[in-house]
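Step one of this worksheet: look at the structure below.
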Amino acid sequence: MRIAMIGTGYVGLVSGACFSEFGMSVTCVDSDASKIERLKQGEIPIYEPGLNQLVAGNANSGRLRFATDLKAAVADADAVFLAVGTPSRRGDGHADLSFVYAAVQEIAHALSGYAVVITKSTVPVGTGDTIDRMIREIRPDADYDVASNPEFLREGSAINDFMRPDRVVIGVDSERAKEVMRRIYRVLYLIETPIVFTDRVTAELTKYAANAFLATKITFINEIADLCEAVGADVHDVARGIGLDGRIGRKFLHAGPGFGGSCFPKDTLALVQTARDAGAALRIVETVVDINTERKRRMAAKIIDACGGAVAGKAIGLLGVTFKPNTDDMRDAPSLEIVPALQAAGAIVRAFDPAGMAEGKKLLADVTWCNDAYTAIDGADALVLLTEWNEFRALDLTRTRSLLRRPIFIDLRNVYNPGQMAAAGFIYESIGRPALAAEEG
Ligand code: UDX
């Protein structure tokens with residue numbers, strides 16, 4: 001089975017490397033020649049645990065190749081996966097499909113012999129039909145099918161998510177395409193992964209519905225956390241108490257500063273637009289989008305409150321700027337709202353992130369970037385834990401307390417225990433849990 005993977009972004013690179021690990025012969029194609037050159041040298045442009053070794057191993061075995069020549073890769077392929085970017089279009093929240101359509105035109109010209117063209121990037125409902133029509137118009141003679149195979153992997157655990165998924169969703173409209181997809185995922189059949197075959201539109205919608213549901217679940221617990229703060233309850237226990245009900249489930253009930261990343265913010269917006277265009281309304285998802293945007297802004301006010309109502313001239317130590325741990329990705333990260341708001345209120349921000357500082361330097365101005373957590377903490381008037389990297393879960397609390405000018409610790413990820421923090425002498429604020437008075441020490 002020969003696969004052409006068009007696009008070497010996050011999804012393309014991970015999927016290409018994993019398919020080659022499944023035993024397929026994969027060519028990853030990108031129009032960016034310097035990127036392809038770097039990949040050929042074994043340089044991985046993104047931070048993802050395990051990806052380096054996976055790419056190196058499969059490239060050495062000859063199963064994984066990198067190329068700029070789309071035509072040759074497609075002509076040779078049984079399956080052509082589209083994994084190019086689909087950013088949010090400025091203004092209207094629709095996904096921008098210009099990269100997808102540009103790739104489809106090239107693919108159409110290059111098709112030779114039967115191939116299945118598969119969307120792997122998240123594309124709006126109905127895109128498969130448009131792709132099908134485009135190829136037919138350009139190449140009435142071509143022998144192909146168009147399928148949808150959305151990707152559910154999470155950054156930071158992408159390889160495991162790809163290799164051992166809860167399920168695979170595939171939208172096809174012919175037996176022939178179904179057979180090709182079965183062969184590609186043969187390895188997953190062996191470990192009894194459920195494979196949901198459906199039609200194309202349903203597969204496309206399933207991806208958005210999954211992301212919108214998870215974003216809603218997070219937003220729900222975030223609002224419950226606010227209520228916990230108002231009535232003196234503990235959101236951690238509420239989440240556990242409801243999550244143990246199998247109908248609700250324990251995952252994605254972690255209250256925090258609001259969701260970010262490359263998928264939830266973009267996909268919830270795009271789904272709302274799709275519903276509007278179809279004359280339907282998705283009021284729950286619309287509200288989730290609004291609440292989450294507002295929440296990220298409100299986090300700066302929470303920090304300022306914890307600092308006694310003003311931060312002008314104060315130094316704030318910030319741990320973590322990426323939207324979550326184990327990634328260097330800062331797309332729609334809460335830090336992008338919080339840092340400028342603190343600076344506008346006159347604060348001096350001293351930040352450290354294990355992988356996000358290169359990106360952070362591009363996206364955030366006037367931040368003092370520190371070489372490690374304790375340098376960021378040193379002399380700060382308050383400490384904010386914003387991304388729950390493992391190394392921030394095991395801070396030396398005595399050292400932290402002695403380095404801080406004032407022992408204010410604002411934990412926006414509920415990493416620490418309020419009792420333990422009060423005993424350690426911190427004025428500790430977290431999300432949705434009662435604050436305890438710091439013990440003298
Ligand atoms: C998500 C989906 O999980 C994945 O299936 C899809 O393919 C792409 O989008 P990702 O964006 O990589 O993956 O990260 P995820 O771990 O889902 O976290 C998204 C955001 O939600 C982060 O900002 C995270 O901090 C936040 N989150 C997640 C919470 O605030 N609470 C939770 O309980 C879970």
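Every residue gets a Cβ built from N, Cα and C, even glycine.
Site annotation (TrEMBL): substrate is bound by PHE152, LEU153, ARG154, GLU155, PHE252, LEU253, HIS254, ALA255, GLY256, GLY260, LYS324, and the candidate from LYS178, LYS207, LYS361, LYS362 recorded at this site is LYS207. Together with ASP30, LYS35, THR86, GLU155, LYS266, ARG331, TrEMBL lists one candidate of THR119, THR122, THR130, THR293 for binding NAD(+), that being THR122. For ligand 1, none of the binding-site residues lies close by, meaning a CB under 6 A from one of its atoms; the full candidate list was ASP30, LYS35, ARG331. Along the domain 'UDP-glucose/GDP-mannose dehydrogenase C-terminal' (317-418), the predicted structure has mean pLDDT 97. For the substrate site, whose annotated binding residues are PHE152, LEU153, ARG154, GLU155, LYS207, PHE252, LEU253, HIS254, ALA255, GLY256, GLY260, LYS324, the maximal Cα to Cα separation is 24 Å.
Comparing PHE152 (substrate binding site) with THR86 (NAD(+) binding site), their Cα atoms are 15 Å apart once rounded. Per-class residue totals from DSSP over the domain 'UDP-glucose/GDP-mannose dehydrogenase C-terminal' (317-418), listed helix then strand then coil: 34 helix, 18 strand, 50 coil. The binding-site residues examined here are THR86, THR122; by Cβ neighbour count within 10 Å, the least packed of them is THR122.
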